[in-house]
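These come from TrEMBL:
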- 1-15: signal peptide (SIGNAL)
- 63-98: domain 'EF-hand' (DOMAIN)
- 99-134: domain 'EF-hand' (DOMAIN)
- 148-183: domain 'EF-hand' (DOMAIN)
- 185-220: domain 'EF-hand' (DOMAIN)
- 262-297: domain 'EF-hand' (DOMAIN)
Amino acid sequence: MQLLLLSLIVGVTVAVPPQEKRVHHQRDLSDHAHDDAHSFQYDHEAFLGKEEAKTFDQLTPEESKAKLGKIVDRIDTDKDGFVSHAELHHWIKHRQRRYIEENVDKHWKEYDQDKDGKIAWTEYKNTTYGFYLDDEFSDVENRESYKAMLMRDERRFKVADKDGDGIASREEFTAFLHPEEFSYMKDLVVQETVEDIDKNGDGKINLEEYIGDMYTSEDGENEPEWVNTEKKQFSEFRDVNKDGFLDASEVAQWILPGDVDHADIEAKHLIHETDRDNDGRLSVSEIMDKLDKIKISTITDYGNLLLKDHDEL
């Protein structure tokens, strides 16, 4: 699978469009737009996983091929010499879950100060805000911002803490860090989004606030075409009741789309792009053949790809 993603990378770096940044799918397969007309970086990260993809920057083409061969062997769970859609789908889902688990592991070690296998709100608060709390934020330039951040974190922690004991189990702490992954946290995700965008504090989002969250015009600068497109999206689709605002339910429809299985879609896409004989599965040779067209990438900031030529590896 990972070979497939790498084999599909032959474009320029494309950042996630600002108009997509608020949408919460299942755990992102990639931070890049899925647009094969411009690049295959989305496929690359979905196949390898965001973090593991960076290791290929340090490998020669021969080493990359050997490493990918081992990965393909792991994907081929029935050991028939082919990667099926089901195996590819399972692998991509595994990469999604692994990112969340590794992220939680990293923070767990930081916040579980007494090493009791749980994280109390006080542990998180003291580790995150530290000395700011001791003197009531009096020496902090952006004191009000820190207070607001603390209140927001406390509210999210309490919602994630299902049993209300002030202590987060691993699952509850995962919900705190990744609320979009848990159905019982989704109302909070919507609430936080509205609060972020709603500048006048009326509890809803008007067109100016909606566009302002994505784009700030410079003096003398013409608005990009996508801004006009987003204005139409707001008025024609997002504002369902046509009152000129997005309320909580409309925001939920926008940022929390239905249960689309993006891993399944990506698995089908990768097979379509790589399956030469159209038998619906991928042989090792089909995967390896794509290696000749790979441009290995570096991932920094957990997802930004910088393409390099093979000769630079």
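Just so it is clear, glycine is given a Cβ too, placed from its N, Cα and C backbone atoms.
Across the domain 'EF-hand' (148-183), DSSP helix (H, G, I), strand (E, B) and coil residues number 25 helix, 2 strand, 9 coil. Note on the domain 'EF-hand' (148-183): residues 24, 26-27, 100, 103-104, 107-108, 111, 117-122, 124-125, 128-129, 133, 189, 192, 195, 256 of its chain, located 6 or more positions outside it, place their CB under 8 angstroms from a CB of the stretch.
Residue counts of the domain 'EF-hand' (185-220) by helix, strand and coil are 19 helix, 2 strand, 15 coil (DSSP-based).
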